[in-house]
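Annotated FAD binding site per Swiss-Prot: GLY13, GLY14, GLY15, HIS16, ALA17, GLY18, VAL125, SER182, GLN372, in sequence order, evidence recorded as sequence analysis. Feature annotation from Swiss-Prot assigns NAD(+) binding site to 275-289; the stated evidence is sequence analysis.
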Amino acid sequence: MFYPIHFDVIVVGGGHAGTEAALASARMQCNTLLITHNIDTLGQMSCNPAVGGIGKGHLVKEIDAMGGSMAYAIDQSGIQFRVLNSSKGAAVRATRAQADKILYRQAIRSILEYQKFLLVIQASVEDLIVSGNKIVGVITPKLGMKFSGTSVVLTTGTFLNGKIHIGMNNFRGGRSGDSESSSLLSERLKELSFQISRLKTGTSPRVHTKGINFGSLRAQYSDDPIPVFSFIGSTKLHPTQVPCYITHTNNKTHEIVRSNLYQSPMYTGLIKGIAPRYCPSIEDKITRFSDRNAHQIFLEPEGLTTPEVYLNGISTSLPFCVQMQMIKSIQGLENACIIRPGYAIEYDFFDPRDLKLTLESKIISGLFFSGQINGTTGYEEAAAQGLLAGINAARFSKNKEGWYPRRDQAYLGVLVDDLCTHGTEEPYRMFTSRAEYRLSLREDNADLRLTEIARQLGLIDESRWKAFCCKKENIEKERQRLRNTYIFPYSSDVAQLNNFLKTPLTHETNGEDLLRRPEINYKKLSQLSTFSPSILDRQVFEQIEIQIKYEGYIRHQQEEIKRHIYNENTLLPTDIDFNIVSGLSQEVIDKLNNYKPYSIGQASRISGITPAAISNLLVWLKKQGLLEHNTC
């Protein structure tokens with residue numbers, strides 16, 4: 001039986017990818033259905049209770065700049081906020097927040113339930129309805145219902161044929177304590193010619209606070225002033241702030257782990273999936289870094305109303321009894337009791353090279369993939385993909401062309417280009433080092449890069465748009481004021497200025513030129529009567545300071561970006577057989593026919609595609625009269 005309503009967009013899965021996908025589609029006024037196996041776990045933090053970090057925080061800011069909900073939800077639920085790399089350059093500074101996982105889940109659910117054009121139904125999708133090579137709906141056998149939709153977004157997380165391992169014991173599941181995972185959807189996708197592989201991730205044990213000796217641990221508090229994640233957020237939204245704590249493993253811990261590797265499913269061959277390189281288990285740490293005598297552990301409270309503490313840094317799939325021994329060997333945890341054991345989980349994912357940069361399948365029209373199903377790891381990577389998939393599923397339902405950001409526009413652009421061009425053989429996570437234009441892709445300017453685009457896409461409401469325009473206007477007005485305001489060697493406050501300078505002022509200088517000096521910042525400048533009154537909005541004055549201090553470097557990078565955009569906008573025919581292009585080696589032809597790059601830029605990033613091959617492609621395009629550029 002078919003549900004009586006036809007949906008523009010159907011989103012399968014209520015994790016971080018699914019919630020952002022559904023919200024994006026609904027904000028674009030598409031009739032949207034979100035199907036989740038459990039409404040009570042919408043926005044659940046399955047692993048560590050935190051949002052952000054290096055590279056990841058940049059993605060969260062971009063999601064927020066485009067009207068997404070992750071940043072605003074963490075502002076309502078964050079119990080410790082810090083800026084990582086705060087002493088380094090602006091490009092690599094990253095916000096991170098410890099979450100009250102209960103408050104976070106409540107915030108996400110509230111946003112979903114009050115979103116217009118969105119219906120949430122609790123059910124399990126186990127099959128797709130496909131007509132020819134086009135998606136037309138989904139099937140929920142246990143509900144006995146079929147749902148028709150113009151487009152479908154799959155955000156299945158680790159629930160796609162998931163298997164949980166604790167020691168030699170394993171069982172079907174996508175998350176410990178949740179319902180069983182299903183292999184039926186995986187099998188259906190395999191029938192449709194999708195390339196399937198296995199990945200592995202893991203989680204750390206949770207312990208009870210009453211057994212922790214906090215007095216022997218180092219506390220780590222929120223920064224002062226406390227950071228805010230959302231561009232429309234405020235510290236007034238933050239709940240009570242509490243510290244995290246730091247301890248370390250030791251030789252005794254390592255010996256316990258080493259002597260029990262024979263009981264580790266990773267080291268006995270039970271687990272076939274590839275683990276994340278940048279989030280290794282404690283078994284991997286001790287094996288790969290055998291010269292280390294200690295590994296850092298962060299004790300992260302899971303909330304203000306729960307006694308659970310997440311032990312970040314010792315992800316493990318060792319037997320429960322071994323985990324207990326291991327925990328009790330660590331300083332401060334000698335009397336700690338495990339509430340939930342750590343575990344490893346294997347799950348299916350599909351080759352993201354079978355996707356367009358819009359995250360639409362190249363195989364089935366109207367079918368979109370986002371999150372861990374594409375081989376990524378992390379809440380932030382999933383949420384960013386969900387946003388993009390939701391945008392494009394909505395545009396597909398309206399017969400509009402898809403949209404995606406370039407590598408020079410957003411970390412999201414880097415993420416999807418990496419996945420769709422190179423694929424991945426291990427869980428992919430974002431780092432600032434993956435972005436060649438990271439000086440232009442800072443956290444602080446995510447809204448300046450993306451909010452206008454999001455407004456055009458229909459994601460930004462009127463109140464948010466007015467706030468953005470006001471901020472942008474204030475930045476320009478203040479820069480203009482600083483540019484036109486001069487201080488002289490004989491000014492009344494020059495002595496105060498000279499206290500800040502390495503060498504005394506000898507000639508008239510305006511505010512912008514003073515800010516270019518490394519020893520001067522906006523706060524110091526605003527102490528001088530010449531440059532009063534100053535802007536109080538932190539977002540505004542920090543943006544002004546960064547723009548001025550990095551102006552020369554940014555200008556140089558913009559020249560590089562212009563060349564990059566030319567190649568990205570030089571399009572290749574979608575139906576081309578590269579055998580007809582003369583001068584290409586067979587290896588190059590095979591790779592180009594396999595990848596089907598959309599542009600010269602994407603072709604140039606495929607491993608083994610030489611500069612000579614790119615030149616041949618450009619010559620061929622010119623001869624065929626196909627040397628056209630996408631002006632989007």
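Here, residue 1 is simply the first one shown, and the rest follow in order.
Each Cβ is built from the backbone N, Cα and C atoms, and glycine gets one as well.
Within its own chain, GLY15 (FAD binding site) has GLY43, GLN44, SER46, THR155, GLY157, GLY371, ALA382 as residues 6 or more apart in sequence whose C-beta sits under 8 angstroms from its own. Cα to Cα, LYS285 (NAD(+) binding site) and GLY13 (FAD binding site) are separated by 32 Å.
When the Cα atoms are compared, ARG277 (NAD(+) binding site) and VAL125 (FAD binding site) turn out to be 31 Å apart. When other Cβ atoms within 10 Å of the Cβ of LYS285 (NAD(+) binding site) are tallied across all protein chains shown, the result is 19.
Cβ neighbour count for VAL125 (FAD binding site): 26 (other Cβ atoms within 10 Å of its Cβ, all protein chains included). Secondary structure at GLY13 (FAD binding site), taken from DSSP and collapsed to helix, strand or coil, is coil. Across the binding-site residues listed here (ALA17, ALA275, CYS279), the residue whose Cβ sits among the most other Cβ atoms within 10 Å is ALA17. Cβ neighbour count for SER281 (NAD(+) binding site): 26 (other Cβ atoms within 10 Å of its Cβ, all protein chains included).
Distances between the Cα of PHE289 (NAD(+) binding site) and those of the binding-site residues GLY13, ALA17, GLN372 are shortest for GLN372. Each residue contributes its Cα atom, and for GLU283 (NAD(+) binding site) and VAL125 (FAD binding site) those atoms are 35 Å apart.
Here THR287 (NAD(+) binding site) is compared against the binding-site residues GLY13, ALA17, VAL125, GLN372, and the shortest C-alpha distance is to GLN372. Packing around GLY13 (FAD binding site) is summarised by its Cβ count: 30 other Cβ atoms lie within 10 angstroms of its Cβ, all protein chains included. Close to GLN372 (FAD binding site) in the fold, though at least 6 residues off in sequence, lie ALA17, THR156, GLY157, THR158, LEU199, THR201, TYR347, PHE349, ALA382, PRO427, each with a CB less than 8 Å from its CB. Across the annotated binding residues for FAD (GLY13, GLY14, GLY15, HIS16, ALA17, GLY18, VAL125, SER182, GLN372), the two most widely spaced Cα atoms sit 20 Å apart. DSSP gives SER281 (NAD(+) binding site) a coil state; it is part of no helix or strand.
Neighbours of ARG277 (NAD(+) binding site), defined as other CB atoms within 10 A of its CB across all chains, total 13.
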